[in-house]
């Protein structure tokens, strides 16, 4: 560890006895603990960067001296890439494990595979020789709970038994999840993205990215998703990947000992998390840059790209969905979109913005109520009640009974000749079919049934998600938001399709909808709606569009996605500026200086600084006239994280700044290890000791913990410049001076 300096100049003084028998230059060797941070404190970016520059300079100068030092220098430079490789491998493996387990446990609520209980429904029927193409989800090897318990699956009693087992499994999964979170890792609940944003901005929450949080989050995420609650695993996967990054940082001294360097790694880990959540490596890098990272140098951009690539490659090797795709809802549309369709796409954008604002306000109001009333004292009961309500309402409707990812997959789907979903039950006129492309057709009874079932599913999803997000289980928001948008999009898409079919001679359709042609793709509307609602809730734009086209492979649909994403952001911003993550940061009271906000007040530094005119005078330490007792009294009477050091009480000229934590550690250590240090010993921060009578006790030199170049502004500096300085340099404090 280098001497703790704040400005990149080497101000460390070795001293020895300094000429008198009593004098001793304390802190010749840096103390463990000096320069570290306490929990719930903010790091000093300037100091951390300067320490890293010093370390780098030292390694570079040594590398010319010997071959061994050169090898160490090369390994130090390569360690960042090695770390990214390990993060990618670990995050990809965990994501694959979560996907496979969640799939199996979701299907467990409905039945069991007789040929191997570890198979989910789909894999069970793949291995069967008696599966027909039309009934590919029915096979003798897969039995529902009623078939297993009473021997048949038809009739009212069988339905009630299946219903009961579905609700029971949901309650068991959610109970296990909430008990594990409460008992072992309270930080494993929620999506984790608000806290990760705060940590990346320099705040310290010890244990939030620890090994217990990682283990419990991975296990409970599978349980929470399988319970059928209205939540997704995508946001929590970012937290899981960041836990992997934080734990692996401990293998490398460079990252273990420097908080700023560790945050560069966590930015890249967040990119790897989104990469495996959506199978979108480029979208992951952009998400980290746009949404979560506070400090994102160019080097981090390349490393994030590498980590996201390795993570996606690892997940692809595991192949959790058995379709060689990274996501469950990969889809390819065959027909181009028409310029006039931008109108319904923009309408979907408006809906997304309105729903996003409604959701944020309702969810924050509910979370605030949870925090301030007795409701917060019963997290287990709350989870069980919400799970019971969700399961009871979800089972009768096949679109809410299936997992939300499967629902989105079904809604994005482009109906082909081989589809047997209700959404594809059109009246077929095979005479006009040319090749694989199906013409627009009249909707059959199945489509109308699906429409009202989807409308009911929409109402359930809209309201139940408000109460689910923020409970004491891992819960992501990406998938429920996309589901709401996809349902609305599909309903609008089918409406447009039928309008074009029955009124193809209308002026607006006649240009591109000739009879017997396929001109409107309802699945595309679902995709655009999903993007709009996700944008309304999170306020992402660039990364959202990239994630959506990587997710679906719909490269030629970038313009509709951009139109919907921008519209939803404009509409949502007009109602309230905060996205869901920023709103949760503010609700939890984390110190976060939003980089995107403008500072509008016309104040000066002197109007904002402490102390104000009527406050008690500023607490300072003099450079060479205070005793150990005086300094300890100041530390005990105040709670400041540091103190300005001045020449004297009369001349309050600034010498430097000393941190409270460093003072406490240094004084405690001096009392234990240095002879003659008593309460009346003088503490001095100068190069040479002040002249004192020969009978006085030993002095304590603390120059090495003094920051000789604290960041200062004059009292006339406009406040917007001060706020900018804090944002861009990541300061902990800034001293206001008047004539020095």
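Residue numbering: from 1, along the chain as shown.
Cβ atoms are placed via backbone N, Cα and C, with glycine included.
Curation plays no part in TrEMBL annotations; they are all automatic predictions.
Record features (TrEMBL):
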- 609-673: domain 'CBS' (DOMAIN)
- 78-98: transmembrane segment (TRANSMEM)
- 163-185: transmembrane segment (TRANSMEM)
- 205-225: transmembrane segment (TRANSMEM)
- 237-253: transmembrane segment (TRANSMEM)
- 265-289: transmembrane segment (TRANSMEM)
- 339-360: transmembrane segment (TRANSMEM)
- 380-397: transmembrane segment (TRANSMEM)
- 450-470: transmembrane segment (TRANSMEM)
- 477-496: transmembrane segment (TRANSMEM)
- 524-549: transmembrane segment (TRANSMEM)
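Counting same-chain residues at least six beyond the ends of the transmembrane segment (450-470), those with a Cβ under 8 angstroms from any Cβ of the stretch are 190-191, 229-231, 355, 359, 362-363, 366-367, 370, 386, 389-390, 393-394, 397-400, 407, 411, 421-423, 425, 477, 480-481, 483-484, 487-488, 490-491, 494, 580, 584. Against the transmembrane segment (339-360), stretch 477-496 shows more Cβ pairs under 8 Å than any other of 78-98, 163-185, 477-496.
Averaged across the domain 'CBS' (609-673), the predicted model reaches a pLDDT of 86. Secondary structure of the domain 'CBS' (609-673) per DSSP (helix as H, G, I; strand as E, B; remaining residues coil): 24 helix, 15 strand, 26 coil. Proximity of distant same-chain residues to the transmembrane segment (237-253), defined by a Cβ-Cβ separation under 8 Å and at least 6 residues beyond the stretch ends, is recorded for 79, 83, 86-87, 90-91, 94-95, 98, 191-193, 195-196, 199, 209-211, 213-214, 217-218, 221, 262, 265-266, 268-270, 272-274, 276-277, 292, 311, 474, 476. Sequence-remote contacts of a segment are chain residues at least 6 beyond its ends whose Cβ falls under 8 Å from one of its Cβ atoms, and for the transmembrane segment (380-397) they are 163, 166-167, 170-171, 174-175, 177-179, 182, 227-230, 370, 453, 456-457, 460, 464, 467-468, 471-473.
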